[in-house]
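What follows is a short report on a single structure.
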Amino acid sequence: MSERTLVLVKPDGVERGLVGEVISRIERKGLKLVALEMRQVDRQLAEQHYAEHDGKPFFGSLLEFIMSGPVVAAVVEGPKAVAAFRQLAGGTDPVEKAEAGSLRGDYGLEVQYNLVHGSDSAESAERELKLWFPDLAA
Ligand code: CMP
């Protein structure tokens with residue numbers, strides 16, 4: 001059965017010219033792009049998107065970072081799309097957790113500047129897709 005996930009190329013990935021690389025890996029994996037858009041994130045969207053991290057020591061800088069430049073937001077679909085993109089992304093910390101061969105493992109150094117976001121569960125995907133793409137039918 002097919003599912004959908006939200007993928008973001010964060011401001012560092014856009015700034016470094018890695019949008020094509022991220023999209024290319026998504027397509028090569030066999031996942032399908034359902035929607036794709038460049039966006040400037042405002043504070044309201046940033047706070048809603050990262051609501052679960054409210055109160056953590058890095059919450060403020062996380063918001064500032066995601067608002068610091070344009071992001072590319074994508075709806076990605078396929079069998080086990082949530083897990084499939086997380087595999088492509090690699091673990092949250094690009095050096096300590098992400099394996100070489102993953103996007104973060106290949107291109108990242110610091111946990112805040114970890115290039116991409118992918119929904120972490122089917123439930124998160126549903127919430128995030130409603131937030132980012134409210135007009136997209138499920
Ligand atoms: P993301 O998948 O977008 O979800 C939450 C983000 O918080 C995560 O990627 C990291 O970029 C960021 N993050 C997690 N832990 C830390 C940390 N210790 N310091 C700064 N940012 C963090």
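Note that Cβ sites are derived from N, Cα and C of the backbone, with glycine treated the same way.
Residues annotated as active site, pros-phosphohistidine intermediate in TrEMBL: H117. Taken residue by residue with DSSP, H117 (active site, pros-phosphohistidine intermediate) is part of a strand. Cβ neighbours of H117 (active site, pros-phosphohistidine intermediate) (same chain, under 8 Å, six or more residues apart in sequence): L6, V7, L8, K10.
DSSP assigns F58 (ATP binding site) to coil, not to a helix or a strand. Residues annotated as ATP binding site in TrEMBL: K10, F58, R86, T92, R104, N114.
Residues or ranges marked as domain 'Nucleoside diphosphate kinase-like' by TrEMBL: 2-138.
For ligand 1, the nearby binding-site residues are T92, N114; that is, of K10, R86, T92, R104, N114, these have a C-beta under 6 Å from one of its atoms. Of all the binding-site residues given, namely K10, R86, R104, the one with the smallest number of surrounding CB atoms inside 10 A is R86. Taking every pair among K10, F58, R86, T92, R104, N114, the residues recorded as binding ATP, the greatest CA to CA distance is 22 Å.
The number of other Cβ atoms within 10 Å of the Cβ belonging to N114 (ATP binding site), over all protein chains shown, comes to 24. Around the Cβ of T92 (ATP binding site), a 10 Å sphere holds 15 further Cβ atoms from the protein chains shown.
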